[in-house]
């Protein structure tokens with residue numbers, strides 16, 4: 001599951017479900033897919049924020065080759081948490097994927113980028129930038145908990161999270 005450079009290689013989520021069985025941590029949320037990476041996998045970093053993207057922008061400015069940022073925006077689609085500039089920032093710092101429990105904007109531009117993004121939808125409205133929120137805390141949506149350090153696998157079928165103790 002790891003490549004020679006230490007990054008996690010995606011495994012089809014259906015295969016993971018078959019292997020793990022009924023105790024699998026499969027996210028029930030139905031996301032839309034954006035970006036050129038149709039599947040991605042990596043260790044989870046989390047941010048919890050509501051209609052404010054300053055903290056996640058800061059986190060995505062940190063080098064994290066092969067990392068996946070899970071953003072819990074409390075399912076708000078009133079404002080976008082990620083746009084093309086933030087997605088590009090993530091890509092240039094090595095992040096392979098973003099899971100946004102909220103909205104994004106600049107979807108057409110993000111679709112051309114070499115990054116995987118899953119989000120509830122789109123909204124052109126900007127978020128606030130006060131820095132409110134938390135990072136590296138367990139976040140819950142879609143019937144599962146996303147814990148920092150666990151491994152997330154995402155593909156066309158959905159999202160599966162594997163605990164580091166599994």
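Every residue, even glycine, has its Cβ placed from backbone N, Cα and C.
Annotated substrate binding site per TrEMBL: 83, 84, 85, 86, 105, in sequence order. Close to residue 105 (substrate binding site) in the fold, though at least 6 residues off in sequence, lie 80, 82, 83, 84, 122, 123, 124, 125, 126, each with a CB less than 8 Å from its CB. In the three-state DSSP scheme, residue 105 (substrate binding site) is classed as coil.
Long-range C-beta contacts of residue 106 (Mg(2+) binding site), restricted to its own chain and to partners at least six residues apart, with a cutoff below 8 Å, comprise 83, 84, 85, 87. Under the heading Mg(2+) binding site, TrEMBL lists 106.
Under the DSSP three-state reduction, residue 83 (substrate binding site) is assigned to coil, being neither helix nor strand. Listed in chain order, the extra residues whose Cβ falls within 8 Å of the Cβ center of the substrate site residues 83, 84, 85, 86, 105 are 80, 82, 87, 88, 104, 106, 109, 110.
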